[in-house]
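Student: I'd like to ask you about the structure that follows.
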Amino acid sequence: MTSFASQVFVRVDKFCRPLPIVLNTFLVFSITAEVSYLVLVEAPLEADQKKTVWSAFWKAFHLLVQYFMLGNICWNALLFLRTSPSIKGVFLGVEGMGQGWRYCYTCETHTPPRCSHCYDCKVCVLRRDHHCVFFGQCVGFRNYRYFLSCLFFMWSGLLYATLMNAEVFIVILKEGVTMHSILLLIIPWIMLGFISLVTAQAFAFAFIADTCVVGFLLVSAFFFFHLVLMFRGQTTREWYSTRRPYNLGLRGNLRHTLGLRWYLCWLCPLIPSPLPGDGINFQVTGLLEPTR
């Protein structure tokens, strides 16, 4: 019985692991399609502007901007998933062990400072920050650049989509602040159950507009939190303990997180930006012991 339950758990776990990636992909492309529709069909807002030269230029510009952001989101996410942050294939050089090194009984090896074991990835990760449930992989030394760049373009894209969907909120509220408009704005999926109260098109626009707002707030929290961590030279684990032993100053922290071309690499994931360190040895500038 126990063996059967274990097999079921393994299969369910294997099935559920890619679900966050599938859901994120669906939402990203749904939002892009909806905003493209708003640009191509609904905009400009004034009827007398729809056939002007400015209208064609406006549409081309906005389509270029949104697909530039979409391309960066997808490419950074792909490189993040394909770049392993683990210790697999890394020569740790245990003969040079010093303060901060630990022994991982699961991986049966000594691990350097800022490296910890992830029980979801089942391996130790160099400069482990956290395990990202949305991507199903750890954020570590080698893939942090792609993670942060993906967050940046997701934040930018959701801000753009939220502004573009402002007209949706205006149209819904034109009928007045009624129970129908409030429910359609806050919980459109409940309104869909009442076919006579809302059309499928109104539901789709309201649902995506709500998703943009909620997603923007959520991604903003993650993005600005990790910006603060990067500026301070910390990982999430070190933030919990208030330690800042590896703070190299603003420029030094940017170089060790984003690479030597930190000022350019965020524009495109294909811009090479080699990291100055090896993920094993770090310059210590403060106390290694936690203060709480």
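Cβ coordinates are placed from backbone N, Cα and C, and glycine is handled just like the others.
So TrEMBL lists these for the protein:
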| type | residues | note |
| --- | --- | --- |
| DOMAIN | 101-241 | domain 'Palmitoyltransferase DHHC' |
| TRANSMEM | 21-40 | transmembrane segment |
| TRANSMEM | 60-81 | transmembrane segment |
| TRANSMEM | 146-173 | transmembrane segment |
| TRANSMEM | 179-200 | transmembrane segment |
| TRANSMEM | 207-231 | transmembrane segment |
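Relative to the rest of the structure, where do these features sit?
Tutor: Counting same-chain residues at least six beyond the ends of the transmembrane segment (21-40), those with a Cβ under 8 angstroms from any Cβ of the stretch are 59, 62-63, 66-67, 70, 73-74, 81, 134-136, 154, 157-158, 160-161, 164-165, 167, 204-205, 208, 211-212, 215.
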Student: Short question: which residues 6 or more past the ends of the transmembrane segment (60-81) have a Cβ under 8 Å from it?
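Tutor: Answer is 21, 28-29, 32, 35-36, 39-40, 43, 135, 137, 143, 146-147, 149-150, 153-154, 156-157, 160-161, 164, 268-270.
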